[in-house]
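*Asks:* The site 'Part of a proton relay during catalysis' annotation in Swiss-Prot covers THR44, TYR107 and is backed by sequence analysis. Taken from Swiss-Prot, the feature pyruvate binding site applies to THR45, ILE203, supported by sequence analysis. Summarising the annotation, Swiss-Prot assigns active site, proton donor/acceptor to TYR133 and lists sequence analysis as the type of evidence. The active site, schiff-base intermediate with substrate feature in Swiss-Prot is assigned to LYS161.
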Amino acid sequence: MFSGSIVALITPFTPDGEVDYISLKKLVDFHVDAGTDAIVSVGTTGESATLTVEEHVKVVAKTVEFAEGRLPIIAGTGANATHEAVTFSRLLNNTGIAGYLSVTPYYNKPTQEGLFLHYNAIAQETDIPVILYNVPGRTAVDMRPETVARLSEIKNIVALKDATGDLSRVAKHREMCKEGFVLLSGDDATGLEFVKLGGQGVISVTNNIAAADMAKMMHLALDGKFDEAASINQRLMTLHKNLFIESSPIPVKWAAHKMGLIANGDLRLPLTQLSEPARPIVAQALSEACIY
């Protein structure tokens with residue numbers, strides 16, 4: 001259902017801090033033309049933490065509208081209170097999305113049983129496919145493979161975005177989860193190896209600015225042409241790493257603006273513009289990747 005090169009899309013803003021829907025449409029068209037397989041709207045990279053609930057729902061709905069059915073849109077969701085996560089899912093149910101990407105509850109550090117009950121409650125409220133999202137580096141909680149396996153038995157929990165960077169988990173998840181459960185990397189630097197080990201794709205930050213290369217690389221990998229895919233990945237590796245030289249999405253927004261993909265690279269506080277010392281480092285990575 002979900003595979004290949006999926007972009008964790010940035011949310012562009014105007015200089016006065018409003019969502020820039022003109023740039024958003026431009027981004028959607030850019031990804032359609034580049035062969036991106038799906039878009040995650042308002043996930044971590046889309047600055048979900050600094051959008052109001054109303055803005056979040058509108059950005060997702062407008063992204064679906066701009067896509068015009070040309071590629072599926074996945075809505076970023078999640079909260080550290082289960083009732084809020086359920087409410088969020090209800091609000092997004094009628095926007096035309098193809099799925100939810102639901103991050104584990106953050107800060108309050110639930111147990112594995114708490115994680116299971118949290119996602120089970122979300123799944124009971126919708127028929128739309130749910131993608132689990134494990135990113136312990138941001139949430140301070142790690143969803144263990146055993147918990148993922150339990151959740152994979154729930155009908156509409158269909159996939160996992162694994163942003164741990166731990167490649168040993170691919171085999172564990174493949175062995176423990178039900179047949180057909182989709183594994184997606186959430187780590188650009190290890191994404192190709194993740195697919196080589198049995199994953200089905202990557203939800204990518206790099207894809208925001210190197211969409212055609214990421215699509216080609218993932219499609220080659222899924223066809224078993226790993227040597228050709230590795231050649232592209234090697235060219236992008238410095239970019240994969242340097243897009244995290246400061247907190248994401250700070251570097252990728254700066255790069256997208258530099259490339260003319262968005263009207264400006266503003267973020268909402270507490271996120272700030274890319275620092276002056278980091279700018280030549282990201283610029284050099286763009287040059288090495290041969291995309292700007």
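Heads up, the Cβ atoms here are built off N, Cα and C, so glycines get one too.
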*Asks:* Looking only at Cβ atoms, how many others are within 10 Å of the one on TYR107 (site 'Part of a proton relay during catalysis')?
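*Replies:* Result for TYR107 (site 'Part of a proton relay during catalysis'): 8 other Cβ atoms within 10 Å.
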*Asks:* Work through the recorded positions one by one (THR44, TYR107, TYR133, LYS161) and name whichever has its CA nearest to the CA of ILE203 (pyruvate binding site).
*Replies:* LYS161
*Asks:* Checking the recorded positions THR45, TYR107, LYS161, which are within 10 Å of the residue listed as 'active site, proton donor/acceptor' at the Cα level?
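*Replies:* Passing the 10 Å Cα cut: LYS161.
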*Asks:* Within 10 Å of the Cβ of ILE203 (pyruvate binding site), how many other Cβ atoms can you find? Include all protein chains, please.
*Replies:* 31
*Asks:* Roughly how many Å lie between the Cα atoms of THR45 (pyruvate binding site) and TYR107 (site 'Part of a proton relay during catalysis'), rounded to a whole value?
*Replies:* 18
*Asks:* Counting only residues 6+ apart in the same chain, whose Cβ is under 8 Å from the Cβ of THR44 (site 'Part of a proton relay during catalysis')?
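*Replies:* For THR44 (site 'Part of a proton relay during catalysis'), the qualifying residues are ALA8, GLY76, VAL103, VAL135, ARG138, SER248, PRO249.
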*Asks:* When you measure from the Cβ of the residue listed as 'active site, proton donor/acceptor', how many other Cβ atoms are you left with inside 10 Å?
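*Replies:* Cβ-Cβ neighbours of the residue listed as 'active site, proton donor/acceptor' within 10 Å number 27.
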*Asks:* I want to check the contact list for LYS161 (active site, schiff-base intermediate with substrate): same chain, sequence separation of six or more, C-beta distance under 8 angstroms. What comes out?
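*Replies:* LYS161 (active site, schiff-base intermediate with substrate) has long-range Cβ partners LEU101, ILE131, LEU132, TYR133, ASN134, VAL135, LEU184, SER185, GLY186, ILE203.
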